Amino acid sequence: MVDMNEFWQTCIHRLEQELPPQQISAWIRPLVPLAFDEAQAVLRVSAPNRFKLDWVRKNFSHQIENLASEWFKRPVQVSFELAASSRPAPVARAAAAVATPTNNVVPQGQAPVQVPAMPSTAVNAATAEAAHDRSRLNTDLTFENFVTGKANQLARAAALQVAENPGVSYNPLFLYGGVGLGKTHLIHAIGNALLANGNGTRVRYVHADQYVSDVVKAYQRKAFDEFKRYYHSLDLLLIDDIQFFAGKNRTQEEFFYAFEAMVAQRKQIIITSDTYPKELANIDSRLISRFDSGLTVAIEPPELEMRVAILLRKAETEGVTMPEEVAFFIAKHLRSNVRELEGALRKVSAYARFHGREVLTVEVCKDALKDLLSVSNGQITVENIQKTVADFYKIKVADMYSKRRPANIALPRQVAMYLAKELTQKSLPEIGDLFGGRDHTTVLHAVRKISDARSKQTELNHALHVLEQTLKG
Ligand SMILES: Nc1ncnc2c1ncn2[C@@H]1O[C@H](COP(=O)(O)OP(=O)(O)OP(=O)(O)O)[C@@H](O)[C@H]1O
C-alpha cells in the first residue's frame, strides 16, 4: 500500500528546494495527491480550480513526474484532475459567467442578474476561470518559462517585485525595449502571477491599439461613464506598446484619468513601450511625466549565452532534442531578438521532421535556415550594430532611434550609421528607417563625417577598430 502522504511531503520538500516560496504556496500546496494506480503507473493529483489545474499541468507536471518516478522507482505519469468539490455544475458556470461583468471593455449595460445559490467552491472555480478569461492574459507567458540573462535581469526583478507588492513598490512600472525582446511576455507573467493568488484581483491586459479603439467605441456609444468605471475599477492594468497612443489626444486624456484614479488608489499600472518615456513622440507631456514617476527599466537584446539558453529551453518545451553546438550555431547567426530565435527553432524542427532527420545537426540547421542566414549575410545586423555601439558608448539602445540630439548621443549614433553602411548591405534610406525614420541625407552626412574624422582622429579610429572587431566576432 502506497503511503501517499509520505510521498507527497517528500515531493513538496524537494520542490521547495527548486522553487521560490511564493510558487510553492500558490501552486504546489493547493494540490492534493489522490491515488497511485499501480497497474498503470499513474499518479492522480487534484487541483482546486481549472485555472490552477491548467497552470500546474503546463508548468510543473514535468518536475512532479520526475519526483514521482524517483519515488516509485519506475516511469510515472501524473494525471491532474479538478477537485470533486470544485467541479462546476453547468448551471454554476453559466451563472457565474453572466454574473461577472461582460467581456467587453465597455460594459453593455445589462440589467443585474440574480445569481442562483450554488456551492461556494463551484462559484470560486468558475469565477477564477471567468476572471482569467476577462483578463485576456495568455497563461503560456509565465515567470517560470522566462529565461533570464544580463539583458533582462533588471526588468525581471522589477516585474517580480511588482507581482509581489502590486500598487506599492513601483507604480507605474515602465518597461521598454526593441521588438521581440519579451516585454509582452513579462507583463503577462506579472498578471498571471497575481491572478494565481486567487484573491479576486481584477486584472486586465490590453494592447494600446485596443485601448484606442475602446475609447472610440465608448465615444460612439456615449458610454464614457461605463468605460471609466471599468478601467478605474481594475487592480492591475497592463498596457502594451503605449507608443501607439501617439497623436490620439482623446485616448491620452482618458488614459490620464484612469492613470490618476488607479495610482491614487494604489492600483498597479504596468506599461510597455519601444522607447523610454521622454522619448515618446506625440504624447502629452503630463502623461510622460506620469510614466516616468515610477520605475523605468529597459530590456536589452539578449547576449549570446542567453540566446543559447533560450533556444535550449524552447527546444525542450517542444520536445525537440537540440545539441548545444546546434544552439550555439543558431544563436551566433541570429542575434536580433527572441521572436526570431523562436521562428528559427520552428523552422529547424519542421525541416528535420519533414526530412526524417531525427538528430538536429549544424548541417541540418544550415539547410533549414538558408534563407535567414543569407539575409543576415555576414551575420551583422543594424540592430546588432546599434546595440554594440550603445554598449560601447554607454548610452541607451533606444537613443539610437530617438529624436534627441545631445552631443553625447549624436556621435555614437553617427558611428552606428557609419558602421551600418560599412558592414551591412542596407541602403541609406533603409538605414535611416532603422534609426527612427531619419532621412537618407542624415545617414549620408553621418557616413561622410565619420569616415573623414576617422582619418584624422586616432582615438576615434581606434574605437571604430574595436567596434568592427567586436561586430565581426
Ligand atoms: N527571456 C525570454 N524567455 C523566454 N521566452 C522569451 C523571452 N523573451 C522573449 N521571449 C519570447 O519571445 C517572443 C516575443 O516576445 P514578446 O512578444 O514578449 O516581445 P515584445 O518585447 O513584447 O515585442 P513587441 O514589441 O514586438 O511586442 C514571445 O514568444 C516570448 O515568449
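In case you wondered, yes, glycine gets a Cβ from its N, Cα and C as well.
As written in TrEMBL, here are the features:
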REGION    1-95  region 'Domain I, interacts with DnaA modulators'
REGION    96-135  region 'Domain II'
REGION    136-352  region 'Domain III, AAA+ region'
DOMAIN    169-303  domain 'AAA+ ATPase'
BINDING   GLY180, GLY182, LYS183, THR184  ATP binding site
REGION    353-473  region 'Domain IV, binds dsDNA'
DOMAIN    381-450  domain 'Chromosomal replication initiator DnaA C-terminal'
Neighbouring C-beta atoms (10 Å sphere around the C-beta of GLY180 (ATP binding site)): 17
Residues flanking the ATP site, with Cβ no more than 8 Å from the Cβ centroid of GLY180, GLY182, LYS183, THR184 and excluding those residues themselves: GLY177, VAL179, LEU181, HIS185, LEU186, THR272, ILE299, VAL338, ARG339
Arithmetic mean of per-residue pLDDT over the region 'Domain IV, binds dsDNA' (353-473): 87
Which of GLY182, THR184, all binding-site residues, has a Cβ with the fewest other Cβ atoms inside 10 Å: THR184
Cβ atoms near LYS183 (ATP binding site) (within 10 Å, other residues, all chains): 24
The region 'Domain IV, binds dsDNA' (353-473), counted residue by residue under DSSP: helix, strand, coil: 90 helix, 0 strand, 31 coil
